[in-house]
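Novice: First, the structure itself, so that you have it in front of you.
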Amino acid sequence: MKETSTFSQKLKQFVLLFFPIFITQMSLFAMSFFDTTMSGHASPIDLAGVAIGTSIWIPVSTGLTGILMATTPIVAQLVGSKKKEDVPQVVIQAVYLAICASFVVMLIGFFAVTPILNGMRLEEPVERIAAQFLSIIAIGIIPLFTYTVLRGFIDALGKTRTTMIITLLSLPINVILNYVLIFGHFGFPKLGGVGAAIASTATYWCILIITVMIIRTKEPFASFHIFKQLYRPSLSSWKEFLKLGVPIGFAIFFETSIFAAVTLMMSNFSTTTIAAHQAAMNFASLLYMTPLSLAMAMTIAVGFEVGAKRYNNAKQYGFIGIGLALAFALLYSILLYFFDDEIASIYTTDIQVHHLAKEFLIFAILFQISDAIATPVQGALRGYKDVNVSLIMTLIAYWVIGLPLGYILATYTDWAAKGYWIGLIIGLAFGATFLLIRLFQVQRKYTIENRRSR
């Protein structure tokens, strides 16, 4: 990141920041995408098992990943304010925190997974695949969370192209292992959805190893000497980190877990409905990678400018990010409307699943505008380190408005499973409105503060 003086310079720098993040997120998502699509071609039961497993795993992983994402705005503001010497301490303490969080998640999962799955009244093969999927994924928790911290450090320096290269190097490993283990090629057993979990876990370890090697040997990362000194664990540092990270993590958890909750509630419907819902939701999540990537870029850009006390520049980056998100939303809405049949065919060859997935995809169009506003706005707010109010706003929008409304529509109207999608759409719309208002308030506060300091 560097200081800019014109709007065109900011736009160029933002796009150069965003594009590698986008490729990185798409590559990471591709792992989940291939897990789902390949499992679906193994059988509808494998697809349903992976759907249930990921619906439990994703909210947990994204919520804790969100907490660890606090590394990015903290480091970005330190770099912006010329406090490079403080960065290694922040990163190492965050790594310690990531490892501790990993063990806590594994311990809770050991006791909680079986009761959760038993309470869902799934078909026996689906429950078995989901349980095995989660058991294997647990082995990849430590590398995934540790990588999240190290990626936050790399991205905060504006070197998003590096994380893109790391992920692109790892993606072929995931695809090849999926192909071999799910379908049983080259003498390996045919494991179905369980093979997808093994492939993802192995890939997480590969990503971590590559990242550590780059940080130790390549500039500008090596000059920070991140691993030169292993600082003693500092509870006060953890507390400061968590003050920012916990609201970020819970805000992400509230958003992702509502989708997972809907998938779990779908267990009351048939395996066909679960599979169709998972296919449509998986593609909607693919499109979500764009506003999510824009949000990450906004956190870096806004955080850098706020650290340097260039508040007007931070405000301009906010508008650039939201404008680009709305443009992409329009493009994706057109894609969903005209190519729903082709998209559904990617996930399944089962006629019933295919037909129902097409119906769900139409609802995904309505997700686009809300996601285009809410997600980038959250990224900008993180750059300002304003996270507590947005946490409350997302809780209300998604869990007080969206999910209860979806349950009512699905249970007491003829919409059935589609009622959950309508509830999600309305909840996302409220969330986008709340968050946009908050961003305007924060920008105004910093504008007034800037005038007073002159």
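Residue positions begin at 1 at the first shown residue.
Backbone N, Cα and C atoms are what each Cβ position is placed from, and that goes for glycine too.
When I checked Swiss-Prot for this same protein, it listed these features:
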TRANSMEM  13-32  transmembrane segment
TRANSMEM  47-69  transmembrane segment
TRANSMEM  90-112  transmembrane segment
TRANSMEM  132-154  transmembrane segment
TRANSMEM  166-188  transmembrane segment
TRANSMEM  193-215  transmembrane segment
TRANSMEM  244-266  transmembrane segment
TRANSMEM  286-308  transmembrane segment
TRANSMEM  317-339  transmembrane segment
TRANSMEM  359-381  transmembrane segment
TRANSMEM  388-410  transmembrane segment
TRANSMEM  420-442  transmembrane segment
Novice: Which listed stretch (166-188, 244-266, 359-381, 388-410) has the most C-beta pairs under 8 A with the transmembrane segment (47-69)?
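Specialist: The stretch with the most close Cβ contacts to the transmembrane segment (47-69) is 244-266.
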Novice: Tell me whether the transmembrane segment (13-32) sits in contact with the transmembrane segment (317-339), defined here as at least 3 Cβ pairs under 8 Å among residues 6 or more apart in sequence.
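Specialist: In contact, yes.
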Novice: Answer with yes or no whether the transmembrane segment (132-154) touches the transmembrane segment (244-266) by the criterion of at least three Cβ pairs under 8 A, sequence separation 6 or more.
Specialist: no
Novice: Same chain, outside the transmembrane segment (317-339) by at least 6, Cβ under 8 Å from its Cβ: which residues?
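Specialist: Hits for the transmembrane segment (317-339): 10-11, 14, 18, 287, 290-291, 294-295, 297-298, 301-302, 305, 361-362, 364-365, 368-369, 371-373, 375-377, 379-380, 383, 439, 443.
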Novice: Determine which recorded stretch among 166-188, 193-215, 286-308, 420-442 has the most C-beta pairs below 8 angstroms with the transmembrane segment (132-154).
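Specialist: It is 193-215 that shares the most Cβ pairs under 8 Å with the transmembrane segment (132-154).
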Novice: Quick test of the contact rule: Cβ under 8 Å, at least six residues beyond the ends. What residues does that give for the transmembrane segment (166-188)?
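Specialist: The answer is 23-24, 27-28, 30-31, 34-35, 38-39, 42, 46, 194-196, 198-200, 202-203, 206-207, 210-211, 214.
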Novice: Residues sitting near the transmembrane segment (286-308): Cβ under 8 Å, six or more positions beyond its termini, same chain?
Specialist: 1, 3, 10, 13-14, 17-18, 21-22, 24-26, 29, 33, 69, 72-73, 76-81, 155-156, 158, 160, 314, 317-318, 321, 324-325, 328-329, 332, 336, 364, 367-368, 371-372, 374-380, 382-385, 446
Novice: Taking a Cβ cut-off under 8 Å, which residues six or more beyond the ends of the transmembrane segment (359-381) line up next to it in the same chain?
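Specialist: That would be 251, 276-277, 279-281, 283-284, 287-288, 291-292, 294-299, 302, 314, 317-318, 321-322, 325-326, 328-330, 332-333, 336-337, 340, 343-344, 387, 390, 394, 418, 421-422, 424-425, 428-429, 431-432, 435-436, 438-439, 442.
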